[in-house]
Amino acid sequence: MKYILVTGGVISGIGKGIIASSIGTILKSCGLRVTAIKIDPYINIDAGTFSPYEHGEVFVLNDGGEVDLDLGNYERFLDINLYKDNNITTGKIYQHVINKERRGDYLGKTVQVVPHITDAIQDWVMNQAKVSVDGNKEDPQICVIELGGTIGDIEGMAFVEAFRQFQFKAKRENFYNIHVSLVPQPSATGEQKTKPTQNSVRALRGLGLSPDLIVCRSSTPIEMAVKEKISMFCHVNPEQVICIHDVSSIYRVPLLLEEQGVVKYFQERLDLPINDCSNNLLFKWKTMADRYERLQKICSIALVGKYTKLRDCYASVFKALEHSALAINHKLNLMYIDSIDLEPVTKAEDPVKFHEAWQKLCLADGILVPGGFGIRGTLGKLQAISWARTKKIPFLGICLGMQLAVIEFARNCLNLKDANSTEFDPNTPVPLVIDMPEHNPGDLGGTMRLGLRRTVFTTENSILKKLYGDVPYIEERHRHRYEVNPNLINQFENKDLCFVGEDVDGKRMEIIELTGHPYFIGVQFHPEFSSRPMKPSPPYLGLLLAATGTLNTHLQQMSKLSYSDIYSDASDDSFSEAKFAELDIN
């Protein structure tokens, strides 16, 4: 087993996750089996109870793990399915050690950070690195480990010490350290500064780790003189200093790394079994990156949500939309609308903001209402849903978005004016959305319906069923505490809003579709978590197809084409069979 540790310096949010994912992509393109581990040095057990404004979205895994959004990058780049234990937190490690101490596993010894915490970290990494993540049940050959935060943070000291020890346990030929640092370029001078990187590497070396590769993040390509200066002061060869400057899309990052010879250096330093890197995975990434830059037709989607001030709150939603837009040769114009800005209260307090929000909504080719929690902003979401339904604008509701679509239809089409969710009004006379029976209202952490669940289609006449390839059932990831009340489903009989997907027991409503509408779909699950750059999520793809007026054409072609891994390389949005390029990443 080979271990690649990715650390960061100077500032957080420098792009370690994308760089680590790109490293994994390059190695996978060489025929190697790659897994990934993300270390978050916070004391929380997992990311499940975080505010979206703290760390962005909570990414959900197949096994129900609520983890850092960087694991989403790993899954998308590497096309793998990780587990909750691939996300290590300080809280998990301490909980594990304390539980062992309570059981008496330490035989009365004084439990300390060194060696007990550091040993637990090393054992966790070694055990999880062996777990197969790509479906073929073969053990991974390489584990890419990202250490969150920056070198020098007090929260991460135990992890740095653990890896200082681990490099000797694993042996030099099996352990590799990549340090990602910032090379700022002040506008006043325009000169690229190396001092922050020098200090960061000095701090890293002072803690017992020496970088094998220094990745310099910069706004523009770094000059050779700057690279040589970093090489001299950081005790590495010039070829061990590479640059990742700002690029048009993240699809360029693996290509930048490959162009600078990292494969050859990995092969020599880690003695990797690489004979021929002719795998066409990187070629596909280049195809995607090139196409991304030449897209001209634009598709505008309005995202009506509660957490629009921080884009990372909807990171996977954005990626799923981007994957779908790229697949149909359109540039995505995602317009973020704070749902509360659509409400009358904003009209009274800030008319300009109110009219700007409604102008965005009116200009949108499609409308998306994602998941969320709490009553704030729900009126604005209901108004956006009503607009999409009545104006026949393509609409996709995710989780809460689906629940609100059912409520909006009940209020305005079934004359159930008091229809509501018990999340917003526990005493509502028409509880159309209710708390699930298994939900424990005492604690918030880990009390939701989480992870991969099966949804069975109940009709053959379903747009979404066709988009999924006419399969009898699908499996998607869930994260919710509330569900449509099964006792009130009879109210919708013979109405235009149809429940076309249910759970395996036929008790939970999973998918809704509105007949007579170009595309009005709601899903209780979160399909964005399963979207991949070369395998766009069907519900999101359907939204983009409907928004560009090509849904019917695409559905007609579905009988002739294999849905999985279809990737068009056409310069327009025509869906003729001859213009589809099959990009099989296996």
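Heads up, the Cβ atoms here are built off N, Cα and C, so glycines get one too.
Now, the feature entries from Swiss-Prot:
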ACT_SITE  C399  active site, for GATase activity
ACT_SITE  H526  active site, for GATase activity
ACT_SITE  E528  active site, for GATase activity
DOMAIN    300-554  domain 'Glutamine amidotransferase type-1'
MOD_RES   S568  phosphoserine
MOD_RES   S571  phosphoserine
MOD_RES   S574  phosphoserine
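Feature annotations (Swiss-Prot) mapped to structure.
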residue: C399; record: active site, for GATase activity; Cβ neighbours (10 Å): 21
residue: H526; record: active site, for GATase activity; Cβ neighbours (10 Å): 25
residue: E528; record: active site, for GATase activity; Cβ neighbours (10 Å): 28
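E528 (active site, for GATase activity) sits 11 Å from C399 (active site, for GATase activity), taking the Cα positions as reference. Across the domain 'Glutamine amidotransferase type-1' (300-554), mean pLDDT in this model comes to 91. Here the CA atom of C399 (active site, for GATase activity) lies 7 Å from the CA atom of H526 (active site, for GATase activity). Taken residue by residue with DSSP, C399 (active site, for GATase activity) is part of neither helix nor strand, so it is coil. H526 (active site, for GATase activity) carries neither a helix nor a strand DSSP state and counts as coil.
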